[in-house]
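Pulled these from TrEMBL:
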DOMAIN    16-72  domain 'Glycosyl transferase family 3 N-terminal'
DOMAIN    85-343  domain 'Glycosyl transferase family 3'
BINDING   Gly91, Thr99, Asn101, Ile102, Ser103, Ser104, Ala131  5-phospho-alpha-D-ribose 1-diphosphate binding site
BINDING   Gly91  anthranilate binding site
BINDING   Ser103, Glu242  Mg(2+) 1 binding site
BINDING   Asp241, Glu242  Mg(2+) 2 binding site
Amino acid sequence: MESKEDKWRNFGAIVVRLTRGENISREEARECWRQICEEEQSDLQQGAFIAALKAKGETAEEVAGTFEALYEYDTLKVSVETPEPLIDNAGTGADTLKTFNISSGAAIVGASLGLYVVRHAARAISSNCGAIDVIEALGVNVSSVPNAPRQSIEKAGIGAWNAFLPQVHPKTLARVMSQIRFGSTINIVGPLLNPTPPSYKVMGVPTRAMIDIEVQTLKALGFKRAFVMHGTDDESGKGMDEISTLGTTYAAELCENGSILEHTLTPERFGIARARFEDVASSRDVKRDALVLLRVLAGKDTGPRCDIVCLNAAPLLYIGGKAGSLEEGLAMARESVTSGKALAKLRDWVTWQNDKPADGLPILEAMLGQI
């Protein structure tokens, strides 16, 4: 049996390799993360590995190994019964443009058009207001697991798992993420560690270089279709883990046959006027950001914020098979908002992702009264 000292030395040797710019195998990455999950390494050893892997730049094989360990050793597994496959659109975070919660709005719009959306999200770490913070402010119960999310996925077609709950990830995710203030491999795999694993994935990443790594990882992990994107603000050069209405978006599409297509998207392609960052920026206040999103879903804000929510619903509808193109998906998303379907779906979500409807609906109605 390997002694504790030998285990520490072998782990340290991998850290040294990473600091030299050497890649490690999928199996080595999986084993290192297993040891982190099981706390077989000291905090300093764990932190050194996490930082060294990020500084080198992850390969798809290293990311896949990371996912396998964190999913096996640190993720709740929950079965749901739905008539259609599941899809998720949680991004990595750690981007440089801090916007209001676009992805939650896109998820609600997608669910309103027949998709079964399973979100795996977190409270704010690298952003100002995390997705979990915002939907909680709208009345969704993000603390009752597994019953509330499972019930909501099956009954409302949308549900969210709070990544920081110890019931969801009992060993590693919250422990590590609460102690670091830099992007890590966990940001890349975190959105994939869904207790109800989807077959389809739309995912924003914080840099253009990460697109290929992420789409190759999704392919290696067996996703049927996926869309990975990084949006930019052409004026500042900063980026977001969304499709951007501020500038160019770079994306890669994983097709069902395993091929990967590259896309370069601009707002003009979709007939959308370019926005300014101020139009979509986070207010840095959870309640204000929730009200911003609510105004969009209620059809009261039809400007740049609505544009970017609907544009980010488009790949969900396209990858999920509800639309034949991004353009068709955008048109469907706009109709969902103007017809009231999006707001109705939010009500469904709040109704079902609570122990009792009366727990969440008064919160939502009070928020609606403020818009």
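Sequential numbering from 1, following the chain as shown.
Including glycine, each Cβ sits where the backbone N, Cα and C put it.
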Sequence order is fine: just name those binding-site residues in Gly91, Ile102, Ser103, Ser104, Ala131 with a Cα within 10 angstroms of Glu242 (Mg(2+) 1 binding site).
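Neighbours among binding-site residues, in sequence order: Gly91, Ile102, Ser103.
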At the level of the C-alpha atoms, what whole-angstrom distance separates Gly91 (5-phospho-alpha-D-ribose 1-diphosphate binding site) and Asp241 (Mg(2+) 2 binding site)?
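Each residue's Cα considered, Gly91 (5-phospho-alpha-D-ribose 1-diphosphate binding site) and Asp241 (Mg(2+) 2 binding site) end up 6 Å apart.
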Determine which residues of the same chain, besides Gly91, Thr99, Asn101, Ile102, Ser103, Ser104, Ala131, have their CB within 8 A of the center of the CB atoms at the recorded 5-phospho-alpha-D-ribose 1-diphosphate site, and list them by sequence.
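Output for this site, in sequence order: Phe100, Gly105, Ala106, Val134, Glu242, Asn312.
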Taking DSSP as the reference, which of helix, strand or coil describes Asp241 (Mg(2+) 2 binding site)?
coil
Can you count helix, strand and coil residues in the domain 'Glycosyl transferase family 3 N-terminal' (16-72) using DSSP?
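Tallying H, G and I as helix, E and B as strand, the rest coil: 43 helix, 0 strand, 14 coil.
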Determine the Cβ neighbour count for Ile102 (5-phospho-alpha-D-ribose 1-diphosphate binding site): the number of other Cβ atoms within 10 Å of its Cβ.
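A count of 29.
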What's the longest C-alpha separation between any two of Gly91, Thr99, Asn101, Ile102, Ser103, Ser104, Ala131, the listed 5-phospho-alpha-D-ribose 1-diphosphate-binding residues, in angstrom?
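So the binding residues stretch over 13 Å, Cα to Cα.
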For the domain 'Glycosyl transferase family 3 N-terminal' (16-72), would you mind checking the mean pLDDT of the predicted model?
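The answer is 97, the mean pLDDT of the model over that range.
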Please work out which residue of Thr99, Asn101, Ser103, Ser104 has the most C-beta neighbours within 10 angstroms of its C-beta, and give that one of the binding-site residues.
Ser104
